[in-house]
Every structure is written in structure tokens, then in C-alpha cells.
């Protein structure tokens, strides 16, 4: 490969200033994401705060209802992926060659693995809110619509989608929420110790 052929290289073979700037910016962003990982409650409070600010902005501007509707549909899709198992049990039911989720009490326990992990759900939801917020600064995205119809359609879509998801959970017997590791009670120690 000749000099300057790789991506981000300048004529002299060194990375360009722009490439180094955006690489460094990406590293700083990833560092902040890594530091925020253990603080689940704080991350979600910040995201809820951002969505509250977004809703106030839309209410005060009296517009951008299509953007808000698109944001709601995006969040609904993220939520469904968050509630769904990584491997769909309905696909595993048809094939007899592989393992499936346990359906009886005496079968092997397998933990619930989400299609969309919590951190990625939070990250995508927050980015969606920020993109929608940026869209409210451009008049081109302010399409005039009768907003009550959008609200009713979203409520209908939410109810139908959640009904289907809950039926799927009941049929394949999985619960997408766990409360930590299951603890078992052992036998109580009633004997004397050898050291006494």
C-alpha cells in the first residue's frame, strides 16, 4: 500500500488532525460510558430528566408531534427487544436438534438472556431523546398533524404490541425480570464445633 492510502492518513503517512481529533473524542465518549456502567439508577434518572425536558420543549413549542411519535415508536421497539429473550423459544420449538428453554419444574435452569441488554437499551433510548431534541431546532421536522390521532394510534399500537408480548411470555413461560441470584436455605447447624 502506498503512502496516504489508508483511512485517516494524510499525505505524509501520519494520521490527519481531523482523524486524531475524532478518534480522541470517541475515546473520551467511551470512557464516560464505561464510568457510567455501574450507576444504573443514576443513568435512568438522567434519561427520564432528558425526556421530561424534551416533553416540556414540545409542549411549549406546540409542534414537532411527528418527531415525538417517531421517538415513542423507537422507544417501544427498544422496550420489546428488552423484554424478549435472545433466542426466541418459538423458533427453538420447531427444531429438535438443539436445547430449549425449560418448561417443567424439573428441567435445567437457564437464566433469561435479553435480546437487548439494559445498558444498550439505556444508551439507545438516551441517544434517541437527544436526536429528537436536536430535531426540534429545525423547522423542517415540524410537520403539521392533528396530534390526538397520533396519541390514540400510539396507545393502540402499544396495547396490541404488549398484549402479543405478554401472550408470548405466558406461552413459553419466561419472566424477563429477575431479582438477583436465588438463595437456598441449608440445614441449620445444631452440632458442636470441634474447637470448643
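Here the Cβ of each residue, glycine as well, is placed from N, Cα and C on the backbone.
Those TrEMBL annotations? Automatic predictions, nothing curated.
As the structure is a computational prediction, the values presented were derived from the model and not from experiment.
Segment annotation: TrEMBL labels transmembrane segment over residues 41-60 (candidates 21-40, 41-60, 101-120). TrEMBL assigns the feature transmembrane segment to residues 145-162, out of the candidate ranges 127-144, 145-162.
Remote same-chain partners of the transmembrane segment (41-60), defined as residues 6 or more beyond its termini with a Cβ less than 8 Å from a stretch Cβ, comprise 67-68, 71, 122, 125-126, 129-130, 132-133, 136.
Tertiary proximity for the transmembrane segment (145-162) is limited to same-chain residues at least six positions away from its ends with a CB under 8 Å from its CB atoms, namely 65-66, 68-69, 72-73, 76, 80. Same-chain neighbours of the transmembrane segment (66-83): 54-55, 58, 114-116, 118, 121, 124-125, 128-129, 132, 135-136, 141, 143, 145, 150, 154, 157-158, 161, 165, 169, 176, counting only residues six or more beyond its ends whose CB sits under 8 Å from a CB of the stretch.
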